[in-house]
Amino acid sequence: MLTTGQDADPVTETPAGRQRSHRLPILLCVLILLAVALVSMAAGRYWVPPNEILRILANEATAVFGGEGLVRRTWTDQEATVVLDVRLPRVLLAFLVGGALSLGGACLQALFRNPLVSPDIIGVTAGASFGGVLVLTLGLSGGWMVGGAFGFGLAALAVVLALGRMGGRSNPTLMIVLGGIVVAAFFNALVSFMTYLADPYSELPSIVHWLLGSIAAAGYDKVLTALVPVVIGAAVVLALRWRLNVLSLGDDDAAALGVNPHRSRVVLLCAVALMTAGTVAVAGAVGWVGLVVPHLARLWVGPDHRVLLPASALLGGAYLMLIDTLSRSLSSSELPLGILTAIIGAPVFVALLARSQKKGEMS
């Protein structure tokens, strides 16, 4: 069993031992991510051997540093096109979207001390979805899609935080959760209304496909679009992950240890909202990832958020890569990501709940 900072004895465990116990699960997660990425770039209607993928990537990497021609060419032009222009951007986008959703889910579950919380609960996904549907309905260009998702996603968070402040400091967490449910219901109603008004031939198919989640149109432009909000939000969350261990003790204990609970909660919520809005802007609404993957990571690496959060991000990226590989391999027409994440995520989550319930009865 892997040891985490919370499970270890603070008297007997040395700092070097803690550092090693933190590095091992992260290293294993990185290896899993790289292996899944290689499989994802190889699999599909057109199979590309993994050794050729490595040669193609190595050739591109050496060409950047002026070493073109150092790798012996054994691949075809078609294989290079499939890897570099089609599958590599999909793998990168799947990593950004899955990693951001899983990291956000793990952060929110710690903030609210509730394992059933995911990025959907704070209303940002619904707000960003409405912004995207509005852009599609108005027939605006792709740049407006990003702005619409960001704008309405952050507007939803602002309303949720305002509702949370209305409850005072007696129970701000409950008020934020209730505010998120109300805001999500409101924006989901607006999405349904816009879908009802959409032209059934020219607008409705694209809206429905986008709402179900997809990275079929992945390109390096979308990777760069998602990269900025995801990296900024993830950097904030990972930099403050040690505070989640303190906040899990309760607001009074956190304040006694020098952590401002309200300020930390607002900063982390804004960071999660930024990541979520960025993923919705490029991939639509992809559910279940931020709920299921943090539980799987917690079973493996334990409850210490210094390890749990980066592990969730890495495993979330690998998870969505696998889902995307299945979506383009199971049928002739590509399946939306949201359908597969729900079909796979729901039974996995039920199994996790049953396991935790059985463990609670035995203890």
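Glycine too: its Cβ is placed from the backbone N, Cα and C atoms.
According to TrEMBL, the protein has these features:
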- 26-48: transmembrane segment (TRANSMEM)
- 91-112: transmembrane segment (TRANSMEM)
- 121-138: transmembrane segment (TRANSMEM)
- 144-164: transmembrane segment (TRANSMEM)
- 176-198: transmembrane segment (TRANSMEM)
- 227-246: transmembrane segment (TRANSMEM)
- 266-293: transmembrane segment (TRANSMEM)
- 335-354: transmembrane segment (TRANSMEM)
Fill in the blank from the handout: Best-packed against the transmembrane segment (91-112), counting Cβ pairs under 8 Å over 26-48, 176-198, 227-246, 266-293, is stretch 266-293
Completion exercise
Per the Cβ filter (under 8 Å) with a sequence gap of at least 6 from its ends, the transmembrane segment (144-164) is approached by 122-132, 134-136, 138, 172, 175-176, 178-180, 182-184, 187, 225, 229, 266, 269-270, 273-274, 276-278, 280-282
Handout entry: Maximum Cβ pairs under 8 Å to the transmembrane segment (121-138) - stretch from the list 26-48, 227-246, 266-293
Key = 266-293
Fill in the blank from the handout: Within the same chain, the residues 6 or more beyond the ends of the transmembrane segment (176-198) and with Cβ under 8 Å of it are 112, 114, 117, 120-123, 125-127, 129-130, 133-134, 137, 152, 156, 159-164, 204, 207-208, 211, 265, 269
Exercise for the section: Give residue numbers and ranges for long-range contacts of the transmembrane segment (266-293): same chain, 6 or more residues beyond its ends, CB-CB under 8 A. Expected result: 93, 96-98, 100-108, 111, 116-120, 122, 124-125, 127-129, 132, 145-146, 148-150, 153-154, 156-157, 161, 176, 209-215, 222, 225-226, 228-230, 232-234, 236-237, 240, 243-244, 312, 315-316, 319-320, 336-338, 341-342, 344-346, 348-349, 352
